[in-house]
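According to Swiss-Prot:
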SIGNAL    1-25  signal peptide
TOPO_DOM  26-168  topological domain 'Lumenal'
DISULFID  C65-C92  disulfide bond
CARBOHYD  N75  N-linked glycosylation site
DOMAIN    81-149  domain 'PA'
ZN_FING   232-274  zinc finger
COMPBIAS  284-293  compositional bias 'Basic and acidic residues'
REGION    284-310  region 'Disordered'
COMPBIAS  294-310  compositional bias 'Polar residues'
Amino acid sequence: MRLVVSSCLLVAAPFLSSLLRVSLATVVLNSISASFADLPAKFDGSVTKNGICGALYVADPLDGCSPLLHAAASNWTQHRTTKFALIIRGECSFEDKLLNAQNSGFQAVIVYDNIDNEDLIVMKVNPQDITVDAVFVSNVAGEILRKYARGRDGECCLNPPDRGSAWTVLAISFFSLLLIVTFLLIAFFAPRHWTQWRGRHTRTIRLDAKLVHTLPCFTFTDSAHHKAGETCAICLEDYRFGESLRLLPCQHAFHLNCIDSWLTKWGTSCPVCKHDIRTETMSSEVHKRESPRTDTSTSRFAFAQSSQSR
C-alpha cells in the first residue's frame, strides 16, 4: 500500500506544479515586451481584479525600509498616473516596505528577491492598513525591471492570476490523478482477488466413495509377506498387526482410512507413484455393470439355438 501512495504522490507532483504556475500573477514591462511570474501578497485585493498599469520607479532607498524620497519631489503629487515602487527584499519586514511605499504616494509595489532563487514566496502582511497592490518576483526579474524602469505612464502592468485557467488545470489534474490512482489500485488488488476467486472456483478432481470402496482390502499380518512395506506413506505411521489396508492398482498399500480420505478429498492418484487410478477403477466398474447383460444375452442366444435344433 505504501508503494501505491508513493506512486500517487510522484504522479501528482507535476500536476500540482503546473497548477501553481498557472495560478501565478504576472508583471508585464511594456518597454521591452517582457513578462515575469510573481506571487501576490497574502491579503484580499493584493492585486486588483482587472489588473493595474502605471509608471515604474526604483525605490529610494532601494530596500524601502524608510520613507521613500520620491514624495519630496515638487512635481510628484501633480502626476496622476498610477505609480509602482520597485523594492528589494531584506533589512525589514514586508509590511514596513509596503506601508512606506503607500505613505509615499505609490499605488502598487513590486518586491524582488535579494538572492538568486527561482522559488517565489508569499508576502504575509497585516492587511488592515495596506491598500496598495503588492507582488513578489524573483531576483532576475527584479534586476531587469530595475534596469529598464523609466517612470513612464503605462510602462508596467500587474495582471491577476487567471482563475479560469487555474480551475481548469485543477479539474484536469484531479480527474487524471483519480484515474491513475484507480489504475494503480486495480493493478495492486486484482491479482490477489483473482487468485482467491480461482482458488474458490477451481474444483479438485476426486473419486466417488463408491468407486474407492471397490478397491481391494487386506489385513496386515507381517511386512515380510506383503509388498506394502512397514509404514503408511500418508500418515507416516507403522502398520500394526491386524490393521486393514487398501491396495491400489499400482500395488501400493495404505491405511484404509488414510487412502479413502485421500482419494475422496484430495486427488485421484497414488500418493507414492502418482499413478492415476481413475481409468482402471472406472473400467472395472463398467465391466462389472456390463457383465450381467453379456451373460443374459449369451444365455438367450444359446436358448434360441437349442430351440431351433429341436
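Residue 1 is the first one shown; counting continues down the chain.
Just so you know, glycine gets a Cβ as well, placed from its N, Cα and C.
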Checklist outcome for this item: One finds that other Cβ atoms within 10 Å of the Cβ of C92 (disulfide bond) number exactly 14
Next on the checklist: When secondary structure is assigned with DSSP, how many helix, strand and coil residues does the zinc finger (232-274) contain?
Outcome noted: 10 helix, 9 strand, 24 coil
Checklist outcome for this item: Residues in the domain 'PA' (81-149) per DSSP class, helix first, strand next, coil last, are 20 helix, 16 strand, 33 coil
